[in-house]
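This report refers to the structure that appears directly beneath it.
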Amino acid sequence: MKVERPVPPDQLVERILRRELLSCAPDTPILEAATIMAEKRCSSIVIVADGRPMGIWTERDALAVDLGSPDAFTKPIASVMSTPIKTISGTTTLGDAGMRFQLEGVRHFVVVDDAGVAIGIVSQSDVILRHGVEHFLVLRTVRSAINRPMVTIPADTDLRNAIAQLRSARTDAAVVLGADSDSHGIVTERDVLRLIAGRKGIPATVGSIASRPLISVRHDDSLLGTRNLLEEKGIRHVGVVDDAGQLLGLLSFSDILSTLQYEYVHRLDEALRERDEALLRSRKDLNLAHKVIEASLDGIMILDSHNRVEFVNPAFTHMTGYAPEEIIGKTPSILKSGRHDDAFYTHMYQTLDKQDYWQGEIWNRRKNGEIYPEWLTINVIRDEDGSVSQYAAIFSDITERKKTEERIKNLAYFDVLTGLPNRRLFLDRLQLAIANAHRHGHLMAIMFLDLDLFKRINDSLGHGVGDQVLVETAARLSHSVREGDTVARLGGDEFTILLPEIEHLEDAAKLAERVIGQVKQPFIIDDHELYITTSIGIGVYPEDGETVETLIKNADTAMYRAKDLGRNSYQMYTPAMNARSFERLTMEASLRHAVTRGEFKLVYQVKVDMDTGRMSGVEALVRWNHPEMGLVSPAVFIPLAEDMGVISDIGEWVLREACKQCKHWHDLGLPPVRIAVNVSALQFRETKVPDVVARALRDTGLPPHFLELELTETVLMQRVDEVVVVLKELRAMGVRISIDDFGTGYSSLSYLKRMPIDALKVDRSFVNDIFDEEDKVTEEGAEIVSTIISLAHNLKLKAIAEGVETPAQAAFLQSKGCDEVQGFLISRPVSGEDLISLFDRDLLPEAQE
Ligand SMILES: Nc1nc2c(ncn2[C@@H]2O[C@@H]3COP(=O)(O)O[C@H]4[C@@H](O)[C@H](n5cnc6c(=O)[nH]c(N)nc65)O[C@@H]4COP(=O)(O)O[C@H]3[C@H]2O)c(=O)[nH]1
């Protein structure tokens, strides 16, 4: 009995069958069949006709042969074989085979192939012993395996009688009793078979064929040792003796098997139950996996080992546009976008080969031709033997993600409104340009640009128009520069130009002139014709700074210098400028406290009635008397105050002070005069002007019709309807309204008509342009002034000219019907005290002459 290496229960019977099948034809004489079996020490022979097993004849059947009848040995085996024969397919698993042995109560199956041809035999012991029994046998004693009564036959018993006893006891062996225990022997079915095969005549008593001595083991020996003994001796039975050496019974190999059988069947049941549970589990798992794959938002594609599509899920179809039937059986190359070269795919397959895994971004093509990016993961699925069985590809469409990334990148480096590089990108490029210039020893330059009075456009025409101006400016700047130069927007109306390489300083200056010329061209936006100018500061590497910070600071300073010097121009940086910007900083700090510290004062400039030559009114002009800097011009600090958000405080102080002064003149008994106060556009927007005015009038006691507010044109074009309401309110109080600097803004006739105003003030730049340097009337200057005057009259408004410096200008204005004039010709702005001397006098120069 050979115990083989344990074989798993899902292995097939064909792996363990014994292929030397003892077989014979149906007409084989019993004698011959018995001889074959005895020689081969085999317990059965299969009777085969045309290759098919018909029946079986076993050692047990040999007991049925009538040994007394000589014909019995020559009878054909077919007449005594057991039939039908039980067969089992070679592809049955050992687990299932074990079950069949148990259920059908047989000890052998003839193994057949698919065509039913006998290919071998398998016994129950073959199956059981393949399952690894040592650990079990070692624990059991011999006594526990004895499960049937011992048959004993005295040695002198007639042989045929003895065989009959074996048959009736349904046992394969019996103890042949000798005179004492040492002379006991054993007789088995095999002995009977040998007798038939021997053809030597039949002995009379069983004692003559018994094998002696009867090999015995002790009752408490382990079954494993006994099994080994049986194997070693090549026998199938042993006697079992107790401690006293008394024979207790016979133990056969099949007894050991029966003992094992219970355990085996138990284990088999357990294995089967486990298998069923595992099957159920895996069926559930499969079901779950199927549902997950179907519902997955990721596209899933399974390819066979030849790279042909086996399966795709609905998400695949959704993303690629290919229905399963359109792609199954094809290779995935149908999805190729053409964006990747062969090297890309080669690398992918090499990685898959090496690592069984590839992940990355890939561009594919949908059925509609659209190319899209996907994030793809491919896993190689291998068989147990390691060969590739499938590829599983899982992917998601990352079009949106890529767009977002792109947007984020753009947001990080580009200005959303104009599409120009933003501050960060500009700084990156500047850093690079400095390094390059340093390495190659060449010059480079940056320009800082700021649109002059851009705030006015925003304030008057709204941010929509302002934005369009910025976009158009960006385009003009981009067209003005060379390839390789960078135009960037730093924010608001601030732009920069980076010239990474210039030969001479003049190159930068020339570009600045070109840019100024470009920006000066009219902007046509939403029916508005806008005239814009720009101030530019230039910083050159290495003269004006060798680091990003100093270059930027100095170009910025140069730009402010350009603005201070009258805008619409450029300035190259000079070290002296830094002193100025320092000045600006100090000025900002002091301006915050100027009102509370009482550093402001008002001066007054008269307006003269052209018809009478008498004072018709007075304009209050603010002055800042800075403790260190001295008198600072409002043209400098008013824009600063607007930027800093302190204009309304200053404005309110001016208003109260002016009203107080005017009331004071009245109280002095001087001829009652009207006082005009400037209100900045920002102040107009930020405060409730009628409330502030009402408070100032009430607190000072000045009657409202002696107060006039001078508003700039830009005020009129803020939210028009609201402005009209406020102006009407002021007019209803009795306050007069005039429009200052008329002609420099963008007011249209239709707006003007709707505005409740009293006068237009012709800007002094136009008055200045009436005559050229040789005192000749200029066509254009004269024309503009005449037009404004007639416009005012057409609208039933007074026309007032400011900045009148010469008698000729005054005469011209008078000839055009201008109602009032104001200017150095008549009087510079003077203190409230000094103004007293101007009352009640003819102030026009002709009258003086
Ligand atoms: N070249 C020349 N200039 C003349 C002549 N006659 C008068 N001026 C100047 O022209 C400016 C007239 O005031 P504006 O156009 O309202 O222009 C004012 C006004 O817009 C603003 N401003 C002055 N005071 C105030 C104020 O109290 N509040 C507000 N919001 N702005 C003020 O500052 C601007 C400048 O004021 P100022 O420096 O006082 O300058 C004054 C005045 O000194 C002349 O014949 N020739």
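Heads up, the Cβ atoms here are built off N, Cα and C, so glycines get one too.
Residues annotated as domain 'CBS' in TrEMBL: 17-73 (among others). Residues in the domain 'CBS' (17-73) partition by DSSP class (helix H, G, I; strand E, B; coil) as 19 helix, 17 strand, 21 coil.
The domain 'CBS' annotation in TrEMBL covers 81-137 (among others).
Among the features that TrEMBL reports, domain 'CBS' is placed at 146-205 (among others).
Among the features that TrEMBL reports, domain 'CBS' is placed at 210-270 (among others).
According to TrEMBL, the feature domain 'PAS' maps to 285-331. The average pLDDT the prediction assigns to the domain 'PAS' (285-331) is 90.
Per TrEMBL, domain 'PAC' is recorded for 358-410. Summarised by DSSP class, the composition of the domain 'PAC' (358-410) is 12 helix, 30 strand, 11 coil.
For 442-575, the entry in TrEMBL reads domain 'GGDEF'.
According to TrEMBL, the feature domain 'EAL' maps to 584-843.
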Counts by DSSP class (helix H/G/I, strand E/B, coil) across the domain 'CBS' (146-205): 23 helix, 14 strand, 23 coil
Tally of residues which DSSP labels helix, strand or coil - the domain 'PAS' (285-331): 22 helix, 10 strand, 15 coil
